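Step one of this worksheet: look at the structure below.
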């Protein structure tokens, strides 16, 4: 089973695909979609095209998306919600369903502490998947963490 984890962002959207087979999790691919244009419509199209390419290249059975973190800038939250809505629609179209998890849920599931720092989450991701190299930017480790949490929720791992 392949699980796609997504950490949506307004400039970088982290993604990771993990595999569950023979009672073991492994990382298939991870990276980020870099959003460079400044026009909202183009940003959304770039994001959706990149997600389409990812879904064309890899077979995905389950998708988990990190829920929006409500910051202090309402304009940023609205923009992020628009990106997330576009991602959700594309995932429903291509995969059929997705699950959502808050940052607090993901941090608690991986570290035991819902207020853990991103670096602590990255440490646990590396430990659980036996990754020896550094994971940068942290959007990538967040996406991997979302996928791992989803595997835990499905009682796969």
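Each residue, glycine too, has its Cβ placed from N, Cα and C.
Going by Swiss-Prot, these are the annotated features:
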type	residues	note
ACT_SITE	7	active site
BINDING	7, 139	Mg(2+) 1 binding site
ACT_SITE	66	active site
BINDING	66	Mg(2+) 2 binding site
ACT_SITE	139	active site
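The Cβ neighbour count for residue 139 (Mg(2+) 1 binding site), using a 10 Å radius over every protein chain in view, is 24. Counting other Cβ atoms within 10 Å of each Cβ, the active-site residues 7, 66 show the lowest value at 66.
Classification of residue 139 (Mg(2+) 1 binding site) by DSSP places it within a helix.
Separating the Cα atoms of residue 139 (Mg(2+) 1 binding site) and residue 66 (active site) is a whole-number distance of 11 Å. Straight-line distance linking the Cα atoms of residue 7 (active site) and residue 66 (active site), rounded to a whole number, equals 5 Å.
Annotation note: residue 7 (active site) sits in a strand segment as assigned by DSSP.
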